[in-house]
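J.: If you scroll down you'll find the structure; I have some questions about it.
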Amino acid sequence: MAKLLPLVLILLCISYSASADFYRDAEITWGDGRAKILEGGRALSLSLDNYSGSGFQSKNEYLFGRFDIQLKLVPGNSAGTVTTFFLSSQGAGHDEIDFEFLGNATGEPYTVHTNVYAKGKGDKEQQFRLWFDPSSAYHTYSILWNPQRIIFLVDNIPIRVFNNEEAITGTPFPTSQPMRVYCSLWNADDWATQGGRVKTDWTKAPFVATYRNFNINGCVAGSQCGSGSDSKLKTEGANNNNWRTQGLDANGRNRLRWVQQKYIIYNYCSDSKRFPKGIPAECKRSRF
Ligand SMILES: *[C@@H]1O[C@H](CO)[C@@H](O)[C@H](O)[C@H]1NC(C)=O
Ligand SMILES: *[C@@H]1O[C@H](CO)[C@@H](O)[C@H](O)[C@H]1NC(C)=O
């Protein structure tokens, strides 16, 4: 019965996909006027000053889906700033899938931090450099979450895959708690940049990051979701239901390998000091 539960939940939610509209799909949750919807709903800017950061969240909660957003990060001296795009459930034993962008001094590279929590357990960090300047133009960041795996993508290039191996290794995987999308810009200069050594230069405030083309193809928790014969699916998600079973093809695996070889700067799986009793079980299996 426990094994059937995720399937039942899939059948209980509606497939949802439409072009981006921050008015319709998001709500600004904090920042007291520092978050602004722009371009008639197509874009949203967050700002941070020495009093407060800001943030927004999706109106709906989803149980699986593909979540894309374009983002232009804080330019120039972004030291101490953290810009986020993540999914999270609520309450104890929560699930979470994270993209966090740690700012840096002018001319120094951003760090892209990723993590997965399932049933309250995280500690699965991988960090990357990017192959472009993420503050000079919009780039697309995506989280694909289906019952088999989580894929993190940058401009459609897979940078990380976290497989559901719960049945094999016992490593928890998020399958049953609906998650909301959260985005924020906040200050963490006690740890974010070069381990907290480089502080935020508040004379450069306000710091601004802009999000655009918020696009969700997913299952809205609590409604009807479904089979291919569901007319909603045909009209709203016609070509966009690949996420339900998407994995990596040979090309995807090659690109993932390229990123994992050239751009990874931290991998919890390689951090033997942190796991003196042996690296986590899921790390022992093939990474690709
Ligand atoms: C924030 O910055 C402004 C302008 O630089 C300054 O006047 C103010 O005292 C600062 N406030 C805090 C809480 O640091
Ligand atoms: C900032 O730049 C330094 C020097 O290039 C680098 O070591 C560090 O990882 C970068 N990122 C952060 C978030 O500190």
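Cβ coordinates come from backbone N, Cα and C, glycine included.
Grabbed the feature section from TrEMBL, which reads as follows:
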| type | residues | note |
| --- | --- | --- |
| ACT_SITE | GLU96 | active site, nucleophile |
| ACT_SITE | GLU100 | active site, proton donor |
| DOMAIN | 16-211 | domain 'GH16' |
| CARBOHYD | ASN104 | N-linked glycosylation site |
| SIGNAL | 1-20 | signal peptide |
J.: For ligand 2, which among the recorded positions GLU96, GLU100, ASN104 have a CB under 6 Å from it?
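T.: Those recorded positions that pass the cut-off, since their Cβ is under 6 Å from ligand 2, are ASN104.
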J.: Give me the Cα-Cα distance between GLU96 (active site, nucleophile) and ASN104 (N-linked glycosylation site), rounded to a whole Å.
T.: 25
J.: Give the three-state DSSP assignment (helix, strand or coil) for the residue listed as 'active site, nucleophile'.
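T.: The residue listed as 'active site, nucleophile' sits in a strand per DSSP.
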J.: Can you give me the same-chain residues 6 or more apart in sequence from the residue listed as 'N-linked glycosylation site' with a CB-CB distance under 8 Å?
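T.: Listed in sequence order, they are SER78, ALA79, TYR110, THR111, THR193, GLN194, VAL198.
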J.: Among all the protein chains here, how many other CB atoms are within 10 A of the CB of GLU100 (active site, proton donor)?
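T.: So the number of other Cβ atoms within 10 Å of GLU100 (active site, proton donor) is 19.
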